[in-house]
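K.L.:
In case it's useful when we look at the structure, here is the feature table from TrEMBL:
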COMPBIAS  487-497  compositional bias 'Polar residues'
REGION    478-497  region 'Disordered'
TRANSMEM  23-43  transmembrane segment
TRANSMEM  81-99  transmembrane segment
TRANSMEM  111-131  transmembrane segment
TRANSMEM  138-158  transmembrane segment
TRANSMEM  164-181  transmembrane segment
TRANSMEM  193-215  transmembrane segment
TRANSMEM  235-257  transmembrane segment
TRANSMEM  322-344  transmembrane segment
TRANSMEM  350-369  transmembrane segment
TRANSMEM  381-400  transmembrane segment
TRANSMEM  429-451  transmembrane segment
Amino acid sequence: MVIYGVDDKPPLGRSILLGVQHWLTMIGSTIAIPLVLAGALGFNAPQTAQLVGTFFVVSGIGTLAQTTIGNRYPIVQGGTFSMLGPAIAIIGVLAASNAPPEVMMRQLQGAVIVAGLVETAIGYFGVFGRLKKYMGPIVIAVVIGLIGLALLSVGQITAADQNWYLAGLTLALIVLFSQYLDDYSEVLKLFPVLLGLGTAYLVALALSLAGVANVVDLSPVASAPPIRAVVPFQWGMPLFTGSFIVGMIAGMLASAIESFGDYHSVARMAGEGAPNRKRINHGLGMEGLGNVFAGIMGTGNGLTSYTENVGAIGITGVASRYVVQIGALVMIVVGYVGYFGAFVTTIPDPIVGGLFLAMFAQIVGVGLSQLQHVDMNRNRNVFVVGFGLFAGLSIPQYIANVEAASGVTLQAGLANVPLLGPVLGIPEVANTIGIVLGTEIAVGGIAAFVLDNTIPGTKEERGLTAWEEITEDENAFEPAHERFLSNRGSGTRTGDD
């Protein structure tokens, strides 16, 4: 049930708490990505803290831009795992030549900037919007489902040394507040994530202070600087290398597919019609500009729609754009204030893992709910959905297992393919293939897309007729420049009168 719709504005005090809840929801990924990058780059502690702060600032500004002049959905922008793989590959190549950390970061910046420009063109020239008529409920169900399923192996959930009781407590509290007690208290209905995380953190802190378990370390807060300077080109001017750019573009395309699914997911959770082509185009175009901005600021990563926060909308029923914008302001403040960023790092991984379990499960459920428009009594539909999900999970795992077991890189293996080896073995080609085949959303989405559009079936059976009926009118979304001109025209007419 939607408590606050997209255009609703809850009272300021409540909106601030709801915005903080969105910020807490995105913490896991927003910290995980820079920590992985910092470790690969060989950053020291101050550089790592600087990178984390940069991620928060870029995420906040990107979210404000998307919710205000982009697709205007209540959707949070943040670092993307899809572009993390190419970044690690680039770092590996540069590390082999003993490049210093700053040079490696500048190479990442250049690759991200160009990938962002490509995504901007794809968005504003309407490439993905034109594909919408071929991407019906079956394809979207597979893509959204894989968004959640692909994240089941994140370290905060599956780590061997996981404190199961903290993860279980966090999950149990969120489920209890959001599913069992939501009808008894408006506070529990609106703030299940905030209350669940807060309670679990207090338990973890008490256990640490009592010496029972050392899971919370507050020392980073005491040693943090009051203000952190986050400025453009803080690592130096970007560097541009062709093979690195191609690999990052492949990661960007996977990220764009994920965002395409997220737009449909957030629309459904917010009680809105499926996004029209114009909204999709402007959303992806703004994400491209966000990637360019991320490259300029030096995150070494891009921006994408955050699945976790889409899940939070489903659990809380709060789909207000205003609330997400307040959450974006919180992100910016946290990025610049050293104490806040340091405090975030003290949240134990098990607590973040418990949060992820609830969020990602919600996303999988939303994906499968798209199938209500499809005739699942038809064998072709059952097969397409099942094959898309299975291929999306199994093929990336196969690619990873083969490389780990044989010790042979994908590039070397492709170079030995008869006839096509000389082409497939080119680093840019091999990197692109590896990134696509290693990304669950890309593999499953492509498989479902091809099968759904080639296996015979009527529009009614495939859910396309129902899909067209629930898609918002093309005039439902007014781009920022049109709104500006419209408001300016209205103001002029009022003055003349």
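Every residue, even glycine, has its Cβ placed from backbone N, Cα and C.
Just so you know, TrEMBL annotations are computer predictions that nobody has curated.
Let's see these features in context: how buried, what's close, how far.
P.N.:
Cβ atoms under 8 Å from those of the transmembrane segment (193-215) belong to residues 17, 20-21, 24-25, 163, 166, 169-170, 173-174, 177-178, 187, 312, 315-316, 347-348, 350-351, 354-355, 358 of the same chain, restricted to positions at least 6 beyond its ends.
Within its own chain, the transmembrane segment (350-369) has Cβ neighbours under 8 Å at 24-25, 27-28, 140-149, 151-152, 154, 156-157, 159, 162-172, 174-175, 178, 193, 196-197, 200-201, 204, 215, 261, 265, 268-269, 307-308, 310-312, 314-315, counting only residues six or more beyond its boundaries.
Same-chain neighbours of the transmembrane segment (381-400): 138-139, 141-142, 145-146, 149-150, 371, 374-375, 410, 434, 437-441, 443-445, 447-448, 451-452, 455, 457, 461-462, counting only residues six or more beyond its ends whose CB sits under 8 Å from a CB of the stretch.
Note on the transmembrane segment (429-451): residues 82, 85-86, 89, 134-135, 138-139, 142-143, 146-147, 149-150, 243, 246-247, 249-251, 253-254, 257-258, 261, 383-385, 387-389, 391-393, 395-396, 399-400, 410-411, 414-415, 423 of its chain, located 6 or more positions outside it, place their CB under 8 angstroms from a CB of the stretch.
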K.L.:
Test of understanding: applying the rule of at least three C-beta pairs under 8 Å (pairs 6 or more apart in sequence), is the transmembrane segment (164-181) touching the transmembrane segment (81-99)?
P.N.:
no
K.L.:
Counting only residues 6+ away from its ends, which parts of the chain sit with a Cβ under 8 Å from the transmembrane segment (138-158)?
P.N.:
28, 32, 81, 167, 257-258, 260-262, 264-265, 307, 311, 349-350, 352-353, 356-357, 360-364, 366-371, 374, 381, 384-385, 388-389, 392-393, 439-441, 444-445, 447-449, 452, 462-463
K.L.:
Thinking of Cβ pairs under 8 Å, which stretch from 111-131, 164-181, 235-257, 322-344 has the most of them with the transmembrane segment (23-43)?
P.N.:
322-344
K.L.:
List, by number or range, the same-chain residues at least 6 past the transmembrane segment (111-131) whose CB is under 8 A from its CB atoms?
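P.N.:
Apart from its flanks, the transmembrane segment (111-131) reaches 83, 86-87, 90, 238, 240-241, 244-245, 247-249, 251-252, 256, 260, 277-278, 280-296, 299-302.
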K.L.:
Please give the sequence-distant neighbours of the transmembrane segment (164-181): residues at least 6 beyond its ends with Cβ less than 8 Å from one of its Cβ atoms.
P.N.:
157, 188-189, 191-193, 195-197, 199-200, 203-204, 215, 315-316, 348, 350-351, 353-355, 357-358
